[in-house]
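**Q** Below are the features I grabbed from TrEMBL:
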| type | residues | note |
| --- | --- | --- |
| ACT_SITE | Lys183 | active site, acceptor |
| ACT_SITE | His321 | active site, proton donor/acceptor |
| BINDING | Asn19, Asn53, Lys100, Tyr155, Lys181, Glu238, Glu264, His321 | substrate binding site |
| BINDING | Asp212, Glu238, Glu264 | Mg(2+) binding site |
| DOMAIN | 162-259 | domain 'Mandelate racemase/muconate lactonizing enzyme C-terminal' |
| SITE | Asn53 | site 'Transition state stabilizer' |
| SITE | Lys181 | site 'Transition state stabilizer' |
| SITE | Asp291 | site 'Increases basicity of active site His' |
| SITE | Glu340 | site 'Transition state stabilizer' |
Amino acid sequence: MRIVDIREQTAPIASAIANAYIDFSKMTCSVVAVVTDVVRDGKPVVGYGFNSNGRYGQGALIRERFRPRLLEADPMALIDATGENLDPHKIWAAMMRNEKPGGHGERSVAVGTIDMAVWDAVAKIAGKPLFRLLAERYGTGAADPRVFVYAAGGYYYPGKGLEQLTAEMRGYLDRGYTVVKMKIGGAPLADDLKRIEAVLSILGPGQRLAVDANGRFDLETAVAYAKALKPYDLFWYEEAGDPLDYALQAALAAHYPNAMATGENLFSMQDARNLIRYGGMRPDRDWLQFDCALSYGLVEYLRTIEMLKENGWSPTRCIPHGGHQMSLNIAAGLGLGGNESYPDLFQPYGGFPDGVKVVDGHITMPELPGIGFEGKADLIKAMRAVAE
Ligand SMILES: O=C([O-])CC(=O)C(=O)O
Ligand SMILES: [Mg+2]
């Protein structure tokens, strides 16, 4: 068996929203199809991936480095010991041949996107949902198909006032979410506090709010927000400062006893390890948001989980960024704390298979082979267009 082709296309996921750092008016993502010669149900197995959101399409890197390395490799060097399936770890090593250490963001998104498609193919060849395969291979054996999800939104948008913001959040609560997230840092502190109070005013008992500054603040501003946010008992205070400023993150903990979250812009096990070593994150309350699609894929994420365990962190403290079905599978298979969801954004790429409903802040994974993209009609249509 072998990989016969890797196809890629850059697709728009643009919208008029903005966080404290960027707008999404020109946002794109790469969609990748890994075509194999394995036949299931009379058709060749094709694995699909895409690069989450927030980083642009990766076509040049895929075409110039990673696709040729895999297609030029000895097919026998990319399969597992049974000889009947691909080996994602060997494929990862083949992609990373002749790549220096460090500087991970330069290529981690391209590798993570192909890695997603490889795992989709592997689970389809095995004939089972990826979350079940992961639980068997790397977890306790038993998957938990019920996954906590929270609704991310609350972006800045031209002309968006408190009324629109609360209507948006009410929509998420009506759809079954219990935790909602909104952006901060794109307006002065006093205005953001009004926005926060407006959203808090519509939350019922047990419902919570997370806020996300998208790395906008220097230490002084981060501390000013921390002091103002403390009384609200938020679900978390996310990415206050630059994602690589571990000293800022560590200093902030002295001013903010409640939960903080970060990690969506850390793109390797080594960067995640530096956060754990130097960022003052607290394993009893804080949250880690590494997104495998942006950070070298699940092969690397498995290394990150090992690193976390060695440092006294439970995988239940991980709630990945990105709102994609790949992280839902990892959460269900390996016992993460949950996953992000963007109910109204980044379509058709984000979200759940059709018919999956959020109930009491949780979804239940359907039993679809692979990652489950075939269960989402608009998404699989876009993906199949890349393969054909
Ligand atoms: O606005 C973005 O770039 C997305 C983001 O931070 C998140 O989902 O936490
Ligand atoms: Mg964020």
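For all residues, glycine too, the Cβ spot is worked out from N, Cα and C.
Keep in mind that TrEMBL annotations are predicted by a computer and have not been checked by a curator.
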**Q** Could you tell me which of these binding-site residues, Asn19, Asn53, has the fewest other Cβ atoms within 10 Å of its Cβ?
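**A** With the binding-site residues Asn19, Asn53, fewest surrounding Cβ atoms within 10 Å: Asn19.
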**Q** Taking Cα atoms as reference points, which of the recorded positions Lys183, Asp212, Asp291, His321 is nearest to Asn19 (substrate binding site)?
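**A** Result: the closest of the recorded positions to Asn19 (substrate binding site) is Lys183.
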**Q** Between Lys181 (substrate binding site) and Asp212 (Mg(2+) binding site), what is the CA-CA distance rounded to a whole number of Å?
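**A** On Cα coordinates alone, these residues lie 7 Å apart.
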**Q** For Glu340 (site 'Transition state stabilizer') and His321 (active site, proton donor/acceptor), determine the Cα separation and express it in whole Å.
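**A** So the Cα of His321 (active site, proton donor/acceptor) lies 6 Å away from that of Glu340 (site 'Transition state stabilizer').
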**Q** Hey, does DSSP put Lys183 (active site, acceptor) in a helix, a strand, or just coil?
**A** strand
**Q** Per DSSP, what is the residue tally for the domain 'Mandelate racemase/muconate lactonizing enzyme C-terminal' (162-259) in helix, strand and coil?
**A** 46 helix, 15 strand, 37 coil
**Q** In Å, rounded, how far does the Cα of Asp291 (site 'Increases basicity of active site His') sit from the Cα of Tyr155 (substrate binding site)?
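**A** The Cα atom of Asp291 (site 'Increases basicity of active site His') is 20 Å away from the Cα atom of Tyr155 (substrate binding site).
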**Q** Which recorded positions from the set Asn53, Lys100, Tyr155, Glu238, Asp291 come near ligand 2, judged by a Cβ under 6 Å from any of its atoms?
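**A** Close enough to ligand 2 are Glu238.
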**Q** Report, in whole Å, the straight Cα-to-Cα distance of Glu264 (substrate binding site) from the residue listed as 'active site, acceptor'.
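**A** On Cα coordinates alone, these residues lie 15 Å apart.
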**Q** Which residues in the same chain, at least 6 apart in sequence, have a Cβ under 8 Å from the Cβ of Tyr155 (substrate binding site)?
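**A** Same-chain residues close to Tyr155 (substrate binding site) (Cβ under 8 Å, separated by 6 or more) are Ile17, Ala18, Asn19, Met182, Lys183, Leu345.
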